[in-house]
Amino acid sequence: MQKVAIVGRPNVGKSSLFNRLVGRREAVVADFPGVTRDAKEGLMLYHNHRIVLVDTGGLWSGDEWEQAIREKAEWAMEGAQAVIFVVDPREGLTAADYEVADWLRRLGKPVIVAANKIDSPKHDVYLAELWGLGFGDPVAISAEHARGLDDLMERVMAHLPADEEDVPEVAPIRISLIGRPNVGKSSLLNAITQSERAIVADQPGTTRDSLDVEWNYGGQRFVLVDTAGIRKKPDTAIEEYAIQRSEAAIERSDIIWLVVNATEIGDHELKLANLAYDSGKPVIVVVNKWDLVPDEALKQTEKELNQKLHHIAYAPRVYTSAINDYGIHDMLAEAMKLYEKWQSRIPTAELNRWLEIWQMRQAVPNFHGKPLKMYFMTQVETAPPTFAIFCNRADFVTRAYEGFLQNRIREDLGLAGIPVRLKWKEKGPYKKGKKGEEAEA
């Protein structure tokens, strides 16, 4: 597959161009320099060609992240057949632009200069200075207004090898890593991929954007999404927007890894568990930094986890140490098992045999001598498995009984570890004027 890297100094519009070419708002975009720190991959289609685009952090930023960002950019350049060098001619070339140009010449990749923020032909007067970069004729574009993008891609395609037309592929399993800042999400991602794809530091909030990384495990393709750490109260507008991007990444995911710090479990984990619960996606609780828990504190740590995460008690737990590579493969293996269950469908005949036996063996809610009667059960959706149960009185179903029933469905019907939804449909003389209720767990 063809690969193209997008580079440039901070705040020239690299992420805006990346988002425009990929076709959805993947990277955090704001008027603050240095918003993107990690190298982010996305897939674009151009005239039946699949191209991997890599959006890199702002180079020569002059801050504490400069060296780490440049190392990530150099990693992103490996395997790239061409480079889009984004500049802001309206602001004029800076010392950082020339530093980036010298760096690109040393790497020896084909370079196309994209003169961004040229919103109309009258701004073309700013282009003359760009010849001094030494990469030939620049392409005038506006990522914000989609101007000049075809011209840019034609120049890019001239440097790419011939590629076969797209062949339909099995969709990868998308997994989001969520957690509060500094619990080790990026370290886990790096441990899984055996590379330094995400910047890791002791300072909370290092990851500001949702970072997508493709990976293959056991013949299964994955897209691993390292999201920004979610705080109780965001400190800045950028953090607020990054949280929104994290929530959007969760919405597009198939599986959620809820990463918690084994040495520091608090009320914030409850909020994140609620977020995962509400998504209806399978959740794996990844208890990271497990190696730092003393033996005498193991039982207390488990007790705290049970208390904070009681409403997702069905979710499996994996105990990990990103530093020691402990439990890393278990995360992916468990995700594959849950994904298969999440997509499963149970025959109606099997469901109703189970329902009949259940009602014979187990007491049902009873109000004023009138018992709840469940007549029929069928699966109406997958991902997550959703079951409609036809009964005489939906209002007889208490929350406790419903949760109990959902747990038995998981255990008895091979759905352990995943969320299950129930829809109650009334049938019979009490149906008139009553509404079926829907529950989720």
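Glycine is no exception: its Cβ is also placed from the backbone N, Cα and C atoms.
Features reported for this protein in Swiss-Prot:
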type    : residues                  : note
BINDING : 8-15, 55-59, 116-119      : GTP 1 binding site
BINDING : 179-186, 226-230, 288-291 : GTP 2 binding site
DOMAIN  : 2-164                     : domain 'EngA-type G 1'
DOMAIN  : 173-343                   : domain 'EngA-type G 2'
DOMAIN  : 344-428                   : domain 'KH-like'
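Where Swiss-Prot records a feature, it is marked here on the structure.
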{"residue": "G8", "record": "GTP 1 binding site", "CB count, 10 Å": "27"}
{"residue": "K14", "record": "GTP 1 binding site", "CB count, 10 Å": "30"}
{"residue": "T56", "record": "GTP 1 binding site", "CB count, 10 Å": "27"}
{"residue": "L59", "record": "GTP 1 binding site", "CB count, 10 Å": "23"}
{"residue": "I118", "record": "GTP 1 binding site", "CB count, 10 Å": "24"}
{"residue": "G179", "record": "GTP 2 binding site", "CB count, 10 Å": "25"}
{"residue": "N182", "record": "GTP 2 binding site", "CB count, 10 Å": "19"}
{"residue": "K185", "record": "GTP 2 binding site", "CB count, 10 Å": "30"}
{"residue": "T227", "record": "GTP 2 binding site", "CB count, 10 Å": "27"}
{"residue": "W290", "record": "GTP 2 binding site", "CB count, 10 Å": "19"}
Helix, strand and coil counts within the domain 'KH-like' (344-428) (DSSP): 31 helix, 24 strand, 30 coil
Across the domain 'EngA-type G 2' (173-343), average pLDDT on the 0 to 100 scale: 82
Neighbouring binding-site residues, C-alpha within 10 angstroms of N11 (GTP 1 binding site) - of G179, N182, K185, T227: none
Shortest C-alpha distance to G8 (GTP 1 binding site) - which of the binding-site residues G179, N182, W290: N182
Spatial neighbour of N182 (GTP 2 binding site) that is closest, considering only the binding-site residues K14, T56, L59, I118 and their CA atoms: T56
Nearest of the binding-site residues (K14, T56, L59, I118) to T227 (GTP 2 binding site) - Cα to Cα: T56
When distances run from the Cα of T56 (GTP 1 binding site) to each of the binding-site residues G179, K185, W290, the nearest one: K185
10 Å Cα neighbourhood of G179 (GTP 2 binding site): matching binding-site residues from K14, L59, I118: none
Pairwise Cα distance for L59 (GTP 1 binding site)/W290 (GTP 2 binding site) [Å, integer]: 36
Integer Å distance between the CA atoms belonging to K14 (GTP 1 binding site) and W290 (GTP 2 binding site): 38
